[in-house]
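> Please read through the structure below; I'll follow up with questions.
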């Protein structure tokens with residue numbers, strides 16, 4: 001290990017010591033380093049970094065206290081001797097090959113450049129199935145539609161099918177329109193957030209406005225056409241902002257859910273926010289009582305906010321009364337986290353919930369009781385998300401940690417098993433926001449979904465992590481969107497509800513993609529193509545509506561408010577081969 005790696009290792013340890021032996025590590029920079037170095041480190045073991053530090057010979061302050069008595073004279077290691085004498089001990093790092101997957105010596109597994117090398121004692125990292133193949137030669141990597149049963153035309157054998165054909169399919173065009181892939185990077189806001197981006201949402205009426213949340217609880221509003229018009233609200237939540245929904249009757253009112261256990265409503269015009277629900281009124285009393293909120297959706301018919309916590313309970317909020325209705329209802333295994341909620345767009349009383357108890361469940365919110373789910377959809381591992389199709393609500397799309405995207409074509413049919421399972425790389429580690437496959441809200445055929453990819457690909461010597469557009473009816477990969485200027489992973493992706501635009505969140509940055517036209521393709525062949533980026537956040541608002549000057553220093557997340565710092569505009573140019581440079 002070279003001196004650069006050793007210096008970073010020592011710096012991380014020193015920073016942890018200053019904050020105290022029991023403080024959680026500040027992984028702001030560690031997250032971005034993890035993403036940028038994902039092509040050179042294994043992703044299978046989440047705790048390898050700490051394990052390597054302990055095995056390197058460095059001992060924490062508490063480790064030297066417990067030692068069993070022995071009849072023989074105790075041998076004192078150089079590290080312990082140096083600690084007792086107050087001197088700094090040298091760090092010894094072993095160069096022996098150790099597999100981070102099976103912990104055995106003699107071989108290694110993980111990313112080598114842009115190629116993932118499998119552990120010979122484990123199944124394929126992509127499909128999780130034994131079969132003598134590796135991730136590089138996995139048939140699902142060669143062709144994503146491998147083993148997928150395409151959707152077939154339904155036979156109208158029952159009266160319910162006749163109703164479905166006439167009322168629903170009659171509104172869907174028989175000829176599938178050409179889908180425009182937003183595959184050209186239009187602009188980006190570099191390091192807009194101080195922590196990694198966790199959620200994105202387009203404004204329901206202002207086409208050019210994008211809202212984003214991050215791990216620190218900060219809410220950002222950005223006009224990506226005017227580039228420099230952006231506002232951040234830094235006092236809405238105190239930690240991870242997991243979900244946000246607009247009020248259907250007031251497009252200036254936004255509801256947000258956070259891991260601090262609160263639901264807040266923010267007036268985007270005035271910047272004034274108010275708390276609707278607080279599941280931790282007594283503050284932090286340990287992880288056994290601390291409740292976090294991940295899933296949230298809005299029932300527009302009844303004006304209800306549906307909120308699910310990390311203990312498996314569902315809470316109903318009346319937005320008009322700003323009060324909780326009834327008692328919490330257990331909808332998933334007690335003590336398990338509910339990861340997402342989604343109301344059916346055609347029948348809002350039908351609710352789809354997903355959890356880390358390996359199930360997605362369908363409920364009738366008019367008759368909510370424990371163990372009263374219509375059906376429980378079993379999965380192999382944690383279910384990151386579940387969504388009804390955006391037009392008819394008759395399909396279900398789920399994303400599971402077993403590297404499977406599951407599709408149910410008809411919610412009134414047999415739901416014992418999915419209509420198809422699509423193998424896709426989205427099994428992530430602790431430094432990433434969970435991947436979630438989402439429908440394209442503009443697609444009337446209800447077949448197109450978008451999701452980021454974890455395993456990197458080698459594009460002209462650069463390790464890139466594409467954003468995949470998938471045909472859920474066949475499992476076919478429609479397009480993989482990437483740019484040589486973006487080498488980090490993009491787990492958060494949102495398609496515009498009206499325009500052919502894709503927004504992606506990668507680390508602390510946000511990017512906007514648009515379809516590449518024929519004129520753009522001709523222009524790119526003749527000359528270099530320029531893209532505009534904006535660095536740093538601009539105006540910042542507190543929850544009381546007052547503006548505050550922002551700082552672009554993300555080391556401590558503080559802002560001095562003394563001098564307004566303008567966002568820096570950078571123009572990136574790159575050739576067809578992907579070798580880029582920046583001009584300020």
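Cβ from N, Cα, C; glycine included.
The region 'Disordered' annotation in Swiss-Prot covers 1-87, 517-584. Under the heading compositional bias 'Basic residues', Swiss-Prot lists 8-20, 562-584. The compositional bias 'Acidic residues' annotation in Swiss-Prot covers 25-35, 45-66. Sequence annotations record features per position, and here Swiss-Prot assigns repeat 'WD 1' to 192-232. Feature annotation from Swiss-Prot assigns repeat 'WD 3' to 288-327. If you look up Swiss-Prot, you'll see 517-532 marked as compositional bias 'Basic and acidic residues'.
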> Could you give the residue numbers and ranges of same-chain residues that sit at least 6 residues beyond the repeat 'WD 3' (288-327) on either side and whose C-beta is under 8 angstroms from one of its C-beta atoms?
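Result: 240, 242-249, 255, 257-263, 265, 274, 276-277, 279-280, 333-343, 348-349, 351, 353-355, 357, 365, 368.
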> Based on DSSP, tally up the residues of the repeat 'WD 1' (192-232) by helix, strand and coil.
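For the repeat 'WD 1' (192-232), the helix, strand and coil counts are 0 helix, 20 strand, 21 coil.
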> Over the repeat 'WD 3' (288-327), what does the predicted model average in pLDDT?
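Its mean pLDDT is 93.
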> Please spell out the DSSP helix, strand and coil residue counts for the repeat 'WD 3' (288-327).
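Split by secondary structure, the repeat 'WD 3' (288-327) comes out as 0 helix, 24 strand, 16 coil.
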